[in-house]
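Here is the structure we will look at, set down as structure tokens.
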């Protein structure tokens, strides 16, 4: 029924394309008029549009003329004319949607249309790419168009200093990576002077490879952190002990003889000790002198030991060299599971990275304390309008819409796509599969057809490379180990008979041109003459035609990825802009996707039915594979959705803190803010000792006097005052306390330079807020890590998390207010020079902070899905009863007052 309706009225996508085609016709009708304009007249259009906006006209009304202006500027500066389908893509992006455009359809040029239009407002436009190379390349390629029209262009890359960043953000259009934009946002919210902040408003963002950034990267938060205590000895110890543990093949075993020390869950990348394993590791720790004879790992004080043990167990049993990571320059470098790229600077959390460092025998870096963090999901939601481009978004359309409110529109290709997609071939073993791939490659290159082989891991690419070398087949390898050669390898990938092996081609960002990249060849010539260029072009045309006759670029996939989208990205490298091309995937029943997610009975039947070297290639198996991929995609979507629900709690708190902090930073004078805080603190302190509406017998005036003296340097004999006048009520005493705190501050500052006082007050506010926020993030991390254990008490972990996170936040705000007023009361107010020196010292003390796109994919999976984890990673003392007063004994049992123990601010 649905298909019948769609045939009659067309799909939603078709109706949208038909609707915007009318706008395209309007733009096309303006082309002859704009062609007649002189350069000066065309440039003047920018000023005209800005004036019209200032007079109340809206961007939608300006769109046809603005797009016609950019198209004409492209023709004059780059000899590039925007196709009609590119105009459609530009309209989609302006409307805050995702444009799915096939590889080679010119997404970089498309972005100039909405970027120019939205930059007319003066609020800036951000264009996000997946790496620094693409950010620089795209900005340089398109800067001629923008600058011709009077628009400034900036680029944010990793090695810029703060002043250069500020200048780049001040430009009309700023290119950069998602990491750099996100980290600059976090750093701006750690600045101590307004002038140190580099970003301005987050108005409109265009995200290239939007599916990669908003979906693949969604589970990996940006984290700014500082080093915590060194624990390398413990990691080295457990790294030495874990190899003695034996792996159990499955979770449940039929008899005790089959029981081993641990088992793994490959779906969630977790490893679990059995009871036998616990006993074995306990005995080893006792022999090492780490555990006492009567001690056990279940004791609360051994929680940290379990942390090291679990991290090392996972490092040894689940993470493999050259698949999950590589060792480069004596450092562990994570490999992105989606793109195959090495990601220097990114670290796994929860001690996993340190465990792998111990495993590989490199220096163990200290675990880090989070100082600021945000997920891409919540960072990009800060923009007024989001748009995205990609070659493969349709399979993720539901997630993009449900989480980000982004509609996916499939843009028609400029020329018909004529790629031939062959059925998958499935073999019984990995070796048989690789042998078949080598034979296929040999046959194709014999007729001059270039081949791109996509692999899922470095290990697979190196195995295949070894087999090709044995057959004396020349080839290039592109993986995380050869990333420096990427551009030159891709430039040659379309040569007749060339073979290129690439680990996960997703996000490579460079088109493979049949016959080779002509522009690269010309650029490599030194002072070429017109004759040299003409000869190069003629040779390229011959090669281009030869490759087309051979069938175009052939894509061979060595296995299916977990995500159909990644497979489609690999396929999409062939048959660009109407060129011929082919694609084919080779699989084995030992591939991870089929081994983990296909049923065991299915795998056994297929293996039995295949004799040595035989393969299956029919539609039924394609359905099995598609179903397995659907399971994985659904599984990962649930993880991302779950993570977002948890992170939204912290995100709400982050917004409150950052807005409050920004108001402190922008205020010339924070004395009114402090006056309000002093009132809150006086109220808080008073009711800690005099419960609201209570009888006199419950008042602790002596405790209140001691707190005033120790925390605020105030001598106030409340007991004497009450004895002299027992008509004094609760409100009267509260007023006395409030006035005493206010008078003390006025007396302390009345003879000091007001400028120095104001500067010191602002510094104290910012420093105290940062300290408390950092400690709060640590508490939230601990809460998040252990909250799933609430399931044992028949409580919903998510609701418990929201409730307790709110309580922690409220307590943090109370403590912040109390400590900042207490500190100002006890500290001598510094001179302006001393304050500046203190600010400098504080910032120098934070100079070791690291900006990391911390890979918590697998660790968050563990927290989100494993409701049955037996041992919490941390133990946190948490209030179950009435609020603990600052002078009460700390609930942890240390014997100290709460304010000097867990209520203390370092």
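Placement of Cβ uses the backbone N, Cα and C atoms for every residue, glycine included.
Counting only same-chain residues six or more apart in sequence, the Cβ atoms lying under 8 angstroms from the Cβ of residue 511 (ATP binding site) belong to 103, 104, 576. The ATP binding site annotation in Swiss-Prot covers 86, 104, 105, 106, 107, 108, 511 and is backed by sequence analysis.
Per Swiss-Prot, region 'Disordered' is recorded for 853-906.
Sequence annotations record features per position, and here Swiss-Prot assigns compositional bias 'Basic and acidic residues' to 853-865 (among others).
According to Swiss-Prot, the compositional bias 'Basic and acidic residues' annotation covers 877-888 (among others).
Annotation comment: Swiss-Prot describes 890, 892, 901, 902 as Zn(2+) binding site, evidence class sequence analysis.
Residues annotated as compositional bias 'Basic residues' in Swiss-Prot: 896-906.
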Near the ATP site, what residues other than 86, 104, 105, 106, 107, 108, 511 in the same chain have a C-beta no further than 8 Å from the centroid of the listed C-beta atoms? 101, 103, 109, 110
CB contacts under 8 angstroms to residue 86 (ATP binding site), restricted to the same chain and 6+ apart in sequence, sorted by sequence, are 105, 106, 109, 110, 113, 414
Most isolated by CB count within 10 A, of the binding-site residues 104, 106, is 106
Recorded ATP binding residues, 86, 104, 105, 106, 107, 108, 511 - maximal Cα separation rounded to whole Å: 17
Specify the count of other C-beta atoms within 10 Å of the C-beta of residue 105 (ATP binding site). 25
Ranking the binding-site residues 107, 108 by other Cβ atoms within 10 Å, which is at the bottom? 108
